[in-house]
Amino acid sequence: MAYPFQLGLQDATSPIMEELLHFHDHTLMIVFLISSLVLYIISLMLTTKLTHTSTMDAQEVETVWTILPAIILILIALLSLRILYMMDEINNPFLTMKTMGHQWYWSYEYTDYEDLNFDSYMIPTQELKPGELRLLEVDNRVILPMEMTVRMLISSEDVLHSWAVPSLGLKTDAIPGRLNQTTLMAMRPGLYYGQCSEICGSNHSFMPIVLEMVPLSYFETWSALMV
């Protein structure tokens, strides 16, 4: 999860987030190289004493600086389209969960189980225990199996919300009257925190998300006790 004064992105926990981190680093390197080249050319222009007052145009140069950026943008677009396809792909999910946004809490339903659902509210600051995180702890965590594909169905009952967990590379809008879907897969156990990422009213910042990823055997035991 995030820590104070963090500069980079959170550590990746899912294959999708790994791909997003690689794409981010790849694109950032291209931007850095282009920026360095532009700054170098500007510094040469400011320091040189050579001028070309007789030059009216330069067709070759204009052609190069039109075609080359287009090629770079196409390469970046191809990489991003691949990741977009991977994020939309649903491959034989082990479990399906329905998430509904409300002002200002989340409700969850395990659709593969009968009558397994609950609401998840933020724990007020005055009720936090030592070591718990302010504005991020909830009374009911979402328990999910690790290393398994989970399909999330996300919607809202009132206004626009957005269900986001950064370390898993997830951010899906919760829109009233529309059912969006996404998949998640955590490669290691642990607690993963997120928040509503769409301005949804006065208590928008009090809608945390907590996923607890556990081994499959533990999840089966927990679900049997809850049903």
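Just so it is clear, glycine is given a Cβ too, placed from its N, Cα and C backbone atoms.
Annotated features in Swiss-Prot:
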TOPO_DOM  1-14  topological domain 'Mitochondrial intermembrane'
TRANSMEM  15-45  transmembrane segment
TOPO_DOM  46-59  topological domain 'Mitochondrial matrix'
TRANSMEM  60-87  transmembrane segment
TOPO_DOM  88-227  topological domain 'Mitochondrial intermembrane'
BINDING   HIS161, CYS196, CYS200, MET207  Cu cation A1 binding site
BINDING   CYS196, GLU198, CYS200, HIS204  Cu cation A2 binding site
BINDING   GLU198  Mg(2+) binding site
MOD_RES   TYR218  phosphotyrosine
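Feature annotations (Swiss-Prot) mapped to structure.
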residue : record                    : CB count, 10 Å
HIS161  : Cu cation A1 binding site : 30
CYS196  : Cu cation A1 binding site : 25
GLU198  : Cu cation A2 binding site : 18
CYS200  : Cu cation A1 binding site : 21
HIS204  : Cu cation A2 binding site : 17
MET207  : Cu cation A1 binding site : 27
TYR218  : phosphotyrosine           : 15
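Counting residue by residue with DSSP, the topological domain 'Mitochondrial intermembrane' (1-14) contains 0 helix, 0 strand, 14 coil. Report note: the Cu cation A2 site is defined by CYS196, GLU198, CYS200, HIS204, and the residues of the same chain whose CB lies within 8 Å of the CB centroid of those residues, excluding them, are GLY101, TRP104, VAL159, LEU160, HIS161, SER162, SER197, ILE199, GLY201, MET207. Remote same-chain residues near the topological domain 'Mitochondrial intermembrane' (1-14) are listed as 20-21, 24, 166-170, 184-188, 190-193, 213 (criterion: CB distance under 8 Å, separation of at least six residues from the stretch ends).
The secondary structure of CYS196 (Cu cation A1 binding site), as reduced to three states from DSSP, is extended strand. A straight line from the CA of the residue listed as 'phosphotyrosine' to the CA of CYS200 (Cu cation A1 binding site) spans 35 Å. Across the structure, HIS161 (Cu cation A1 binding site) and GLU198 (Cu cation A2 binding site) place their CA atoms 5 angstrom apart. Residues GLY101, GLN103, TRP104, TRP106, SER162, ALA174, GLN195, SER197, GLU198, GLY201, HIS204 surround the recorded Cu cation A1 site, their Cβ atoms falling within 8 Å of the Cβ centroid of HIS161, CYS196, CYS200, MET207, which are themselves excluded. Secondary structure from DSSP puts MET207 (Cu cation A1 binding site) in coil.
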